[in-house]
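*Asks:* One structure, pasted below without further comment.
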Amino acid sequence: MSDTVSLTFPDGSVRSFAAGATGRDVAESISKSLAKKAVAIALDGVVRDLADPVVDGKIEIVTRADPRALELIRHDTAHVLAEAVQEMWPGTQVTIGPVIENGFYYDFAKNEPFTPEDLPKIEKKMKEIIQRNQPFRKEVWSREKAREVFAAKGESYKVELIDAIPEDQDIKIYYQGDWFDPCRGPHMASTGQIGTAFKLMKVAGAYWRGDSNNPMLTRIYGTAFAEQEQLDNYLHILAEAEKRDHRKLGREMDLFHFQEEGPGVVFWHGKGWKMFQSLTAYMRRRLANTYQEVNAPQVLDKSLWETSGHWGWYQENMFAVKSAHAFTNPNDPEADQRVFALKPMNCPGHVQIFKHGLKSYRELPVRLAEFGLVHRYEASGALHGLMRVRGFTQDDAHVFCTEEQMAAECLRINDLILSVYEDFGFKEVVVKLSTRPEKRVGSDELWDRAESVMTEVLKAIEEQSGGRIKTGILPGEGAFYGPKFEYTLKDAIGREWQCGTTQVDFNLPERFGAFYIDQHSEKTQPVMIHRAICGSMERFLGILIENFAGHMPLWFAPLQVVVATITSEADDYGRDVAEQLRDAGLEVETDFRNEKINYKVREHSVGKVPVIMVCGKREAEERTVNIRRLGSQDQVSMTLDEAIASLVDEATPPDVKRKRAARKPA
């Protein structure tokens, strides 16, 4: 065994240290100030405790400013939460407390569940523990000792967790002062390094191990950041997100609802269905003259899904069906016992349409589009309004082309996707290329060619946008059947949503034996490109509702104008105004109720109606209207003709405006 350890630093320099030197020793050898800031080390990219002995490899000193420190901060905060709870409520059992996206949680076994009122008290105790600046210290125990100690403490859940640790793994115990817990680590040097930028968010129930047959525990969710400003920003975004929650706005705007008899499927109300149809009509216009719109069956025999591979790869997410007679009479030889499946994807159906009739290379590319209703099983706990459903409509398209046409088709698709997002106000978009995973179909040569083409396309996307569109690579994140582009857009409060995809598929055409006749009269397998812009149209509508906080652009609002009268003397004029607005193509309702105008304005503002036209006796005499915009206290008076012309222009979809502008002579 060598007496020295060789370490390579980020600047490329190499230094030797005595065997047994710790990460802290290395940090101190660089500077006292760095050692003070250090919270951990990374050896060959793996984060470890500062107190761990170093080994040969590449080393980095991790400080609180390092993005990798955030997980440590949250992990350590979870431990402090557990200590605080056991100090305040002796006898409470701690179970598990992992770091999750945007924070952490800890599950506790306690006779009386926690309440939201307990959280500020626990936070106060946590700050006391952090102020003590107790060092984190690691020990390795035998399995027998760990079981004995935690059993003696009455920690039955910890004993179960210890028993579940594989025999070849050490039982690590982390101390912070006198409190200790089994944990894989790593941790920072002391509780004081956590800081005070943390908050306990909510209390919830959770079954032990996620199994409803097990005891119910109390879960406390929290979050933590390196800086208070980061926490404040996060809490601000959460507050904004709550105001914008599409489920809440959907009720207020009377758009849709869900109910127990149809978990994960949408009951669209009149206004919501208008919005859905507006999105469909917009997308249909964008595809006109470029794609053939088709429609494939929703229910297909299991054998087709076996051929496509979905039955083997995706079965747990599929709905299988039989005739009701077959279900109730399983032994009836006369009953049709075949198993069918509701389609989870549109692609196999589109391959069947492509295969119907011989195709020549001269006919390629063939572009098939469908607003296809698909069904995918999601666990009930994962369902979330329009964002996560079991039945949804995909704005799906599949392009069948030659390898030589692939780059041009990907660029054409990209231009369409970015144009659609811009029409809906999304200007910040990131495009990432996901490359080959370890498990995949198709030869390396085929992947090489596809990835080479798509890498060039990615460069072209960034160059053509003048750098406005950010791009990146996701190594190994491609599907097993081909590389793909993922489009992520940023909404009004900075949240990111992955929506569009462009995916090359080497698998499905081969499975179904799809081919075209090439210029040499040979059968050749086409390249298949899957394309979605909205992805799920229901989810995209949810994103739009939250992005605009319900204040939809006039061209996309399901109800554009409410004509509200101040007095019954203006009702006839109000009817005339509404009729003229409808004749001009606007979506209009009237409100002639015997209520004060401020009450009417308030009610329609809650419903997020973009324009309220107020008509009184004077307006009727002068044939004018008072226009009040959603979110504004100001009223603008104009003639009815002026108002109609202005609103009709504003209510014209952006793609229609562009088309009209292109037709105008120069």
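Cβ coordinates are placed from backbone N, Cα and C, and glycine is handled just like the others.
Bear in mind that the values here come from a model prediction, so they are computed numbers and not experimental data.
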*Asks:* Per Swiss-Prot, which one of CYS347, CYS499, CYS615 shares the Zn(2+) site with HIS398, HIS530?
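*Replies:* The one candidate that Swiss-Prot places in that Zn(2+) site: CYS347.
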*Asks:* Quick check: with CYS347, HIS398, HIS530 left out, which same-chain residues have Cβ atoms within 8 Å of the centroid of the Zn(2+) site Cβ atoms?
*Replies:* MET345, ASN346, HIS350, VAL351, ASP396, ALA397, GLN503, ASP505, LEU508, MET528, ILE529, ARG531
*Asks:* Restricting to the region 'Catalytic' (245-553), what is the model's mean pLDDT?
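*Replies:* For the region 'Catalytic' (245-553), the model's average pLDDT rounds to 93.
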*Asks:* Which state, by DSSP, holds CYS347 (Zn(2+) binding site): helix, strand or coil?
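*Replies:* Assignment for CYS347 (Zn(2+) binding site) reads helix.
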*Asks:* Sequence gap of 6 or more, C-beta under 8 Å: which same-chain residues meet both conditions with respect to HIS398 (Zn(2+) binding site)?
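*Replies:* When sequence neighbours closer than 6 are ignored, HIS398 (Zn(2+) binding site) has ASN346, CYS347, HIS350, VAL351, PHE354, ARG367, LEU368, MET528, ILE529, HIS530, ARG531 within Cβ distance under 8 Å.
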*Asks:* When the domain 'TGS' (1-64) is classified with DSSP, how many of its residues are helical, how many are strand and how many are coil?
*Replies:* 14 helix, 28 strand, 22 coil
*Asks:* What's the number of neighbouring CB atoms sitting within 10 A of the CB on HIS530 (Zn(2+) binding site)?
*Replies:* 24
*Asks:* Let me know how many other Cβ atoms fall within 10 Å of the Cβ of CYS347 (Zn(2+) binding site).
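*Replies:* So the number of other Cβ atoms within 10 Å of CYS347 (Zn(2+) binding site) is 24.
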